[in-house]
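One structure below.
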């Protein structure tokens, strides 16, 4: 079986490269045989066509279908109007998921900006700056599944009196008269615990982006401020922070999208139990447990609507950049 | 343009300013050290715990915290890894992940590079429209496509197959791929493309002989990004591979280990380590490229 996989992988890689090469070379030659006007008109599509077709067939068209089906019943046969949406708002489970998704969208971007910015700024001021950067950087490569295992282990809970093998509870119980906390079961803590685990994997992203932005901050600005006797904090507050505002927006929107799509870590750590559902886990169950395509479509549409402002922002930003270029 | 892709690099002149000063200012800097060391601890301890636990025998994991193994006479063991790999399908899952990720990544790079070249070097009708569509779709929640795609894939008998998964990963990655490479290609002087065409090279010859070699750093960034991203995906694999154990990648295999209670932490942690090794090697060996891709893809957005 393992041998099969290696063969498949190698074969697929070879076929992809050969087909891509053949398609472009032969396509080019075929187009060259056409009248000039046709050649000019079609040649770009030889290159752009496959990607455009992929995006239309795998993203745009399915998205349109999903939105359409969200007004139909479970099998997509009977029109139900807004019934699926009404169900979403009235249903206790989805209400909790909505509340939690809002919690994710508020907390994850805030803390990612806070931690990423703090490390990017302060690491320049201590001799072991490279060390803290690497420790934040490593988890970027770790899957949410592995992070789920890592943090379930960190949050490990044993009844009071037993040896606490979970790191966090071992620390907490050092405080006199404080008992262990069931971090991922207790509804007072579990959503924060999941968001914290996600923050652990994402803060490095924020740090890298802030680090690059800081490196483009003109030194003269800060030097001048220091010569004027401005304190470090004031220089940060009045020079660095305004300079970084566009970067903060970029990091915050990226993290917002990640928070909206959050699924893996919830699936692994709680599977949505104990009041930790988010929109994605609700959709997953609607799709596979309830087998209700209409309801699943409504949840997905809701997710889609929430990212539309960010989409518009990105498109505007892109148009502005290309006009400047 | 991003010139410094090294995340660890720092500005030396600023450090001089910050560290000069009398003992009084050193005292004032204590909070800085507390914050930085605190963050370092919070971010490194979970990884340390994971790795240490994965080498501890099960009785030790049950009775004491991983940090105590430093003081207890350490009898570490490789047995956990042997048990994980010996489990049905775990070793296979490692190769399933490779069989999913490598072709999917290659497909994305090839399709993305061709499109980015076309968009950056040619002027044609709907060019602006295609670009805007792609930019808008970069952040589309993939969930919006699940229901119709799943139906179509069921009808085409593509669910549970690697081919199906390559196709969906391609679809989800193309907007980012085109966007990232387009930014790079747009910065290449157009004379470079035109010079080759004046020499009589066809567009595809120019693409393969001139453009791709010049774009190698950008292609590498994209490839690494996609490799790590696809390797770490759980949701898309869950949706489109269904419950077929023999095609499950590492993320599904590990999440199933977690779900089937009764596995000790020593098993879960060593499985997690195994699932992390490949992307970690790729990531660390090629981190400059990764960071460049990240910055080009995000910071310009």
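Heads up, the Cβ atoms here are built off N, Cα and C, so glycines get one too.
Positions annotated as domain 'ABC transmembrane type-1' by TrEMBL: A:98-314.
Residues or ranges marked as transmembrane segment in TrEMBL: A:6-24 (among others).
Counting residues 6+ beyond its ends, the transmembrane segment (A:45-72) has Cβ neighbours under 8 Å at 24, 27-28, 31, 78-82, 84-85, 293-294, 297-298, 300-301, 304 in the same chain. Positions annotated as transmembrane segment by TrEMBL: A:45-72 (among others).
Long-range contacts of the transmembrane segment (A:102-122) within the same chain: residues 129, 132-133, 136, 191-192, 195, 198-199, 202-207, 209-211, 214, 236, 240, 244, 248, 251-253, 255-256, 258-260, 262, 278, 306, each at least 6 residues beyond the stretch ends and with a Cβ under 8 Å from a Cβ of the stretch. Sequence annotations record features per position, and here TrEMBL assigns transmembrane segment to A:102-122 (among others).
For the transmembrane segment (A:134-154), same-chain residues at least 6 beyond its ends with a Cβ under 8 Å from one of its own Cβ atoms are 115-116, 119, 166-168, 184, 193, 196-198, 200-205, 207-208, 263-265, 267-269. According to TrEMBL, the transmembrane segment annotation covers A:134-154 (among others).
Here TrEMBL flags A:166-185 (among others) as transmembrane segment. Panel annotation: around the transmembrane segment (A:166-185), residues 152-160, 193-194, 269-270, 274, 276 of the same chain, lying at least six beyond its termini, place a Cβ under 8 Å from a Cβ of the stretch.
The feature transmembrane segment is assigned by TrEMBL to A:192-214 (among others).
According to TrEMBL, the transmembrane segment annotation covers A:295-315 (among others). Same-chain neighbours of the transmembrane segment (A:295-315): 63, 66-70, 72, 74, 84-85, 87-88, 94, 105, 253, 256-257, 260-261, 279-280, 282-283, 286-287, counting only residues six or more beyond its ends whose CB sits under 8 Å from a CB of the stretch.
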